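Worksheet: the structure to be examined is printed underneath.
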């Protein structure tokens, strides 16, 4: 099977042809089996999401591996990391292997289960990290996401232990003692609305603590959904000043919604805007954009968090935090980073594909668009505009904060190892 | 209501440029109030019951006040020394048409200290038309007490009654069309006295 | 009436669909509500029959997810005095856990014919949610509109409490509160009364000062139209026209917000000594029920300075005014 993609602009640069054969990019475009006219489309390496909630097992009323994979492919992703707060928790080899196998069966995107750091996300007893690493799922990222590994001793042990597995600990940075009952960013908006505040310091203090623990352990620490300007400053300080053992690596992700939305979204109390960490003031969103452009924040991760309607159609304080993200991530990045001139398309490829693949240690993702490389591609129309409708997204849940909003950029085609997973904006069924 | 520009010079006067016709001049209005004051004195003298004038907001309150002053002046002149109590009664909460329009603002209600039991209440309003305001006022009165008698005084009766209600004292009967507007101006609220039709 | 009605809103009509907060209440709306409350009192003063026919045939449901006898009774009396049918629904916290969602409950009440739902709920914003849901669906049973009144939501607002406090202050200090200086003392952080009062009093032109330990002030309070101090004695020495004491709920005493009830009373309680330093005309308000001895000395609460009983009376008139403006006229489009 040879595919010729004509007149495509790799990284938004000069138009050229890309040729795919047997899952790889090749040079010789003669005599193709299929030809795709990609006039005006920009080619990027397939996107990699370090932070997705696929909800299976246990939350199938909101999302499944199948629907989440479809949403990922439609969003331009070729690999996603599925967070472990499932039911049962992804804290054992059996559960992570199940999720991994479901991902393979669906086949629209590489699904990499993230293992829990502690049993049941309880924060007290380390999960069987080594056995999850040794399972067919080959888990290399561990996180209690949704909960912080709050106990410094447990976090220290987790970092030390993960080091021996060449694995990464991804921390949901939130000092739970500082966020008891917290509902929204602690500031004037929450004060006025009578919502208990989620202070920036609850995140920043954990980022600082964990950076010190990881440096001392020579471990790899990844900060999930970093959300404040102060946390960016802590990262800078840690990278510049910490005296680290060999092996120390510090990385951080930011979500699309923290690049775009602000805490004022809570006005009106519609919990579709409730997320953890909460939406922050505009000054933070602007600082996060700059940090992403400068490389201080390594990558974008969606924190795609589907919730059934009853988890959102209720009082703000009762609602579950989280919002859909897979199909709106790249458009929001285009809106906040490209249209503002902060990133070019090479930069977009860096923060949505290359950096997350590097952080997670995926050898065949986030590779250059070059001959001999794996054909993981997304082709996007940067000039398109579309109106977000939760009901039209591939996820079972509809909790998008962008309902009715016009976003730029549409994902037209996605290719996973030489096979189209999305053609013309629709999921391409796998050939039998 | 907006203050109306004064039209012609006399009763039944000419129509001015804005299509307003003067029904009562300032002097007419004063004479009319004086006449009604006399009539109230005459008509209530026999009963022996005290008289309480209750104005319906807002111009009825001013008229009630003027009537009370006139009555007391007349009584002082003939040596009887009669005094009348004056108050205000807002019937809005008793209206039957509340739901037909945006919520109305409430007005002042002030029942004289002696109450209204066993007195002759004279309700005072500026213009009598459908009678619905008066009906609401009668309902309101019932919750405030039991007067010996209730009478009604109006400056203008313009017809178009929708209820079996009749005024005991009428300043001027004015046949009107429904679409016309009888505008009463009083010094207290509008800066000058007069009644016009437009 | 000097003219047939021409469809223009009567002066003083407030044009509210719901009463969810004081923050978004305009000056003219607040003035109209307070004026109506005074007219309600006039209309009822000195009469044998305290019953007005105004809301006959209208149905008011009080939906209380938190116990509050005084607020519920006040709304119920207000409705009954205007001849509305009032129905009390007490939904305990446990019934929330049992499954019926707030949305389903609200929809049920609307479908059953409620014209107004008076909501008290422990979650900030719950009345906003109900108003949004009920505005979004038609109800053939009613004329299409169900008015929602916030009777206290979480730590957000309690607008009728602020209106009754303002009504009480107008009685004591005169109808114009512009330039009047009001101290609000105590647990501002968790107080919906403080939020509603801060906004309403500022709208009415009063100068509000919050007096509270830093731990009981919300981060972001500097954006409110108020001044802030942590020193009660220094502030009282400036001679405020009114002092509004807030409740300190028992659970706060153990939440580490301040060292002890004793220290709180010493630093922020309105003792007799402190009350004696106030100007003669100054009013003391408390939303009740007061923790005597800690928040306010018994002698102060029982003194002529305290307007606590007047607040309760004003509460009925204010709630009558609110229900009147929401329910008496035609439905606001």
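Glycine is treated like the rest: Cβ placed from N, Cα and C.
Note: TrEMBL annotation is automatic and uncurated.
What TrEMBL records for the carbamoyl phosphate site is C:70, C:71, C:158, C:161, C:288, C:289, and among C:26, C:27, C:120, C:252 the residue it adds there is C:120. The binding-site residues C:120, C:247 differ in how many other CB atoms lie within 10 Å of their CB, and the one with the most is C:120. Here the domain 'Aspartate/ornithine carbamoyltransferase Asp/Orn-binding' (C:179-326) is broken down by DSSP into helix, strand and coil counts: 63 helix, 24 strand, 61 coil. In sequence order, the binding-site residues from C:71, C:158, C:288 that place a Cβ under 8 angstroms from a chain A Cβ amount to none. According to its DSSP assignment, residue C:70 (carbamoyl phosphate binding site) is helical. In this structure, the CA atom of residue C:71 (carbamoyl phosphate binding site) is 14 Å away from the CA atom of residue C:192 (L-aspartate binding site).
When the Cα atoms are compared, residue C:247 (L-aspartate binding site) and residue C:70 (carbamoyl phosphate binding site) turn out to be 15 Å apart. Counting Cβ atoms from all protein chains shown, residue C:161 (carbamoyl phosphate binding site) has 26 others lying within 10 Å of its own Cβ. Cβ neighbour count for residue C:289 (carbamoyl phosphate binding site) (all protein chains, 10 Å cutoff from its Cβ): 11.
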